[in-house]
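> Annotation comment: TrEMBL describes A:7-28, A:133-156, A:177-197, A:222-242, A:254-275, A:307-330, A:369-390, A:410-428 as transmembrane segment. Look at TrEMBL and you will find A:454-482, A:485-514 tagged as domain '4Fe-4S ferredoxin-type'.
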Amino acid sequence: MKIIKNLGLIIFLTGLAIFIGTIFSGSFNLKQAELNSFLKEQNYKNALIKEALQEAVVTDEALNIFEFSSRVRKAYQKSNDYYDKQIAKYDAEKNWDAKGEQYQYKINGKPHTLSFNLAKKAGKGFVTKNPGLAWFLTFGLGIIGALLFILPNFILLGKPGIKNDHIYHESATNRGFIAWLVLIFLVAFYLVLYFFADYVVNWTFILDPISQFLADRPASQWFVYGFLYCTVMLTMGVRMFIKYRHNKYQIVRTISVLFFQIVFAFLIPEIMASLQMPEYDFKNAFPLDYDFFFEWNLKSLTESGGIGIFILVWGIVLTLVIVPVMVYFFGKRWYCSWVCGCGGLAETLGDPYRQHSNKSLNAWKLERWLIHSVLVFSLVMTLVTLYCYFTGTQSFLGINSQWIKDSYSFLIGAWFAGVIGTGFYPIFGNRVWCRFGCPLAAYLGLVQRFKSRFRITTNGGQCISCGNCSTYCEQGIDVRAYAQKGENIVRASCVGCGVCSAVCPRGVLKLENGPENGRINSTEILLGNDVDLMKLVNEK
Amino acid sequence: MEHIVIIGNGISGVTAARHIRKNSDKKITIVSAEHKYFFSRTALMYVYMGHMKFEHTQPYEDWFWKKNNIELKKGYVAKVDTENKNLQFSNGTSLTYSKLIIATGSKPNKFGWPGQDLEGVMGMYHKQDLEKLEKHAPNNKVCKRAVIVGGGLIGIELAEMLRSRDIPVTFLVRENSFWNGVLPAQESAMINNHIKEHHIDLRLNTNLKEIKADEFGKVRSVIIEETGEEIFCNVVGLTAGVTPNIDFLKDSNIETKRGVLVNRFLETNVKDVYAIGDCAEQHEAIGQRRNIEAVWYTGRMMGETLAQTICGNKTEYKPGHWFNSAKFLDIEYQTYGWVFSEKSKQENEAYFQWKHPKEHKCITISFDKKSNKFLGINTFGIRMRHEIFDQWLTENQSIEHVLEHLKDANFDPEFYKLHEAEIVKKFNKENNTNIQLKKKSLKRIFSKSY
């Protein structure tokens with residue numbers, strides 16, 4: 001069994017190495033005709049860019065992606081610099097008409113995005129010619145290797161039951177050097193994906209056939225991310241099924257998050273795209289879906305007829321009615337650990353790291369400040385955006401609409417949710433984003449804390465304060481502090497993953513939905529279970 | 001200002017300190033020789049198994065004690081001078097008190113076996129035991145085999161710990177079935193099987209004769225009383241129960257028997273000296289309880305009770321209905337009320353038992369033969385709700401009532417398979433009754449039992 005595991009690890013690492021290696025493969029250059037058709041497609045109205053690009057990439061040289069990207073970005077820069085100068089010149093001359101005319105020649109967009117678009121046309125080499133084989137050598141080997149590594153646990157873990165043996169003895173799960181390597185890889189992955197997508201354009205070639213099949217268009221970096229996300233969740237979901245095979249709550253919950261990720265977050269939007277409809281993830285509620293009320297989205301929805309209006313209404317009803325009503329009945333767990341994609345990744349890929357969430361009082365204080373600040377930030381941004389959308393102005397109360405949107409998507413969307421939220425799993429635990437940053441979690445949490453039927457009940461006097469519950473709480477709740485007092489846990493941050501209940505060796509904790517009455521039962525003193533004494537103390 | 005000194009920072013002493021602080025601003029000092037900060041002894045096993053780090057066993061952060069003005073003193077009390085209200089420490093220093101709480105817990109039993117103090121022989125009780133175990137049994141290369149002597153809860157936990165590092169374990173149990181002085185035969189047999197499933201070499205009806213040393217004075221082997229067999233091993237775990245840890249009181253005026261003798265107010269024979277937890281011994285047993293109860297939660301309850309008394313609300317220790325829980329490897333066990341094993345079963349007591357055909361799940365309900373009054377329940381692999389059973393015991397409910405409302409008592413996680421219908425069906429068949437299972441009632445579950 002150990003041999004199979006090691007073999008699996010080797011195969012997995014080989015797949016991973018090839019996956020990373022593909023970045024450096026292939027060559028990037030264009031023929032004149034290819035460039036012409038690209039320029040036509042883009043509808044650029046200046047001759048300078050044509051000339052600059054021609055000089056940069058119409059060549060027989062086998063450029064690698066980095067050289068290619070650098071040349072393309074320089075070409076765009078050169079063209080834009082020229083028109084900036086023209087604008088400044090006409091500005092100084094107060095020649096407003098001429099100045100205004102220049103703007104149409106400037107090319108908008110982030111340099112790496114422009115380079116990505118062109119690289120998509122320019123890529124040649126093994127991966128573009130053999131995407132199927134490339135898929136097998138990367139994704140295929142990764143999946144086979146991971147499964148070979150995971151499946152023997154069915155026997156190695158022994159009889160069904162909680163098996164957390166050696167988590168704190170192993171480098172990977174005890175913040176050792178393997179954990180740091182994983183962190184570096186994940187952080188680098190997110191940085192590249194968000195900010196340097198052109199560098200990994202080869203990854204999109206691997207998935208082009210699948211994307212063509214599903215959505216009738218070539219794969220973008222976001223398709224790569226979505227596909228990888230589902231693959232990772234499925235594979236690590238297998239691990240969850242084996243590890244928690246004695247625990248039906250965990251099994252059902254894991255099936256649920258896998259279903260919502262694969263069908264709702266991945267397949268439905270792709271199929272909608274192939275049908276020329278706006279792509280929409282029907283479970284992604286505002287304010288987690290922070291760009292729902294951005295102009296481009298509202299415009300695209302209102303312009304796509306019935307389905308657009310349906311999505312608009314559904315999105316608003318989801319946030320304002322469904323979310324709070326469901327939280328009232330079931331707590332925020334129905335979303336955070338049964339439906340949400342971020343939660344889904346945290347519960348599958350992140351499960352081996354759940355013990356690293358900080359349980360100190362200081363962390364709790366930081367958490368409450370941060371998460372509610374993000375909620376306020378997202379609400380202010382939405383108000384400003386909507387105000388500007390309906391009035392047609394640029395700013396509201398001095399806040400520029402574009403500036404606040406850009407700041408939010410950069411700081412919160414990219415850095416907090418992606419780079420830190422997922423990249424730091426191995427060190428800070430798997431729910432960093434959910435705990436400290438997610439504005440939807442903050443909203444759900446407010447409802448859960450003050451108006452819900454959900455609580456974690458503690459079983460009389462059975463708690464022995466062993467601390468398994470607190471250690472394995474991914475949300476950093478000191479569950480034991482409540483359990484040893486016999487108090488129900490109604491914390492806003494609890495996502496209802498049920499692991500505290502699973503790891504408890506005395507059967508003390510249970511997730512329940514019940515009457516609101518008696519939900520909060522702060523008992524100052526737990527004087528055994530002597531009936532008279534309890535009465536005496538409570539009356540005092 | 002009154003100075004309350006507590007010897008021992010286990011659950012009893014720390015609970016007393018916390019509740020005295022809640023109700024007063026008296027000066028409080030906790031003395032311990034084991035570790036400066038309170039930790040949960042029951043979790044030590046998880047540190048060795050790698051489920052947790054030692055700091056996770058500490059329920060309070062280090063700043064907690066200063067913030068609550070509870071002084072922690074590390075030191076070993078050598079002598080208690082009750083005349084001058086003074087403690088003398090082994091390092092020569094001393095400390096005066098106004099009121100003294102003895103909460104020193106227990107220490108593992110040793111029955112005078114030859115070789116019982118050799119290197120490599122240990123209990124599994126103190127933090128130091130854990131350190132010893134880490135030294136002598138870090139893996140199965142250093143420790144080729146371990147022998148555990150004594151078949152209680154600590155014994156099976158120690159076996160589980162060693163197995164987590166793939167160390168071969170031989171488990172010597174004096175009885176003819178594991179823990180059958182406490183558990184009914186059905187349960188005991190199930191645990192026997194489960195121990196073997198974990199590849200633990202369980203030897204029933206087996207006593208230790210002696211522990212032999214190698215040339216360095218370390219454990220080499222153990223000899224079995226009955227057969228004379230020699231088992232080579234590097235570690236011997238002695239887990240044959242515990243005794244109160246009160247040797248330092250020998251020369252004091254405090255009256256002791258096996259433990260420190262206390263009345264129902266937890267007072268000793270000396271004024272202003274109290275004893276709580278594992279080391280306290282009741283003059284007369286409370287109900288069917290033992291005079292000394294080395295149970296985690298009774299220590300907590302005594303701490304809470306005594307804190308009331310010390311803060312002026314004189315309170316009798318009334319532990320209420322018996323309950324307990326444990327985990328045997330993968331099988332969770334809970335008990336409410338009294339279920340005695342066949343060995344000590346009372347005249348009026350009858351069992352109703354159910355066992356799952358395949359899984360390790362079973363229950364025994366004990367009831368009065370004549371009146372059908374519910375006496376207690378043991379559950380294995382099924383979690384039950386403490387408050388509900390507490391209420392039923394107080395109300396003197398019948399076994400029929402318990403079975404009818406069994407769904408209310410279930411505490412298993414959501415989506416778990418429920419067995420109430422099978423249980424009730426079996427009871428009806430055996431007793432020619434027609435008990436109908438009532439639907440689960442949220443109101444009954446969440447209404448308070450007190």
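From the backbone N, Cα and C atoms, a Cβ is placed for every residue, glycine too.
Structural setting of the listed features?
Remote same-chain partners of the transmembrane segment (A:133-156), defined as residues 6 or more beyond its termini with a Cβ less than 8 Å from a stretch Cβ, comprise 1-2, 4-5, 7-16, 18-19, 22, 126-127, 205-207, 210, 231, 235-236, 238-239, 242-243, 245.
Long-range Cβ contacts of the transmembrane segment (A:177-197) within its own chain (Cβ-Cβ under 8 Å, at least 6 residues beyond either end) map to 112-113, 116, 170-171, 221, 224-225, 353, 414, 418-419, 422-427.
Tertiary proximity for the transmembrane segment (A:369-390) is limited to same-chain residues at least six positions away from its ends with a CB under 8 Å from its CB atoms, namely 286-287, 290, 293-295, 298, 396-397, 399, 401, 404-405, 408, 412, 416, 435-439, 441-443, 445, 493.
Remote same-chain residues near the transmembrane segment (A:410-428) are listed as 172, 175, 179-180, 182-183, 186-187, 189-191, 193-195, 290, 342, 345-346, 349-350, 353, 356-358, 374, 377-378, 434, 436-439 (criterion: CB distance under 8 Å, separation of at least six residues from the stretch ends).
With helix defined as DSSP H, G or I and strand as E or B, the domain '4Fe-4S ferredoxin-type' (A:454-482) counts 8 helix, 5 strand, 16 coil.
Outside the domain '4Fe-4S ferredoxin-type' (A:485-514), and at least 6 residues removed from its termini, the chain residues within Cβ reach (under 8 Å) are 162, 164, 244, 247, 249-250, 253, 329-334, 336-337, 343, 347, 354, 367, 371, 431, 434-435, 441, 445-446, 448-449, 452-464, 466, 468-477, 479, 520-523, 526.
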> Please spell out the DSSP helix, strand and coil residue counts for the domain '4Fe-4S ferredoxin-type' (A:485-514).
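Secondary-structure breakdown of the domain '4Fe-4S ferredoxin-type' (A:485-514): 5 helix, 6 strand, 19 coil.
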> Using a Cβ-Cβ cut-off of under 8 Å, list the residues of the same chain that are 6+ residues beyond the ends of the transmembrane segment (A:307-330) and lie near it.
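Long-range Cβ neighbours of the transmembrane segment (A:307-330): 272, 277-278, 280, 282-283, 285-287, 289, 292, 298, 300-301, 440, 443-444, 447-448, 451-454, 496, 513.
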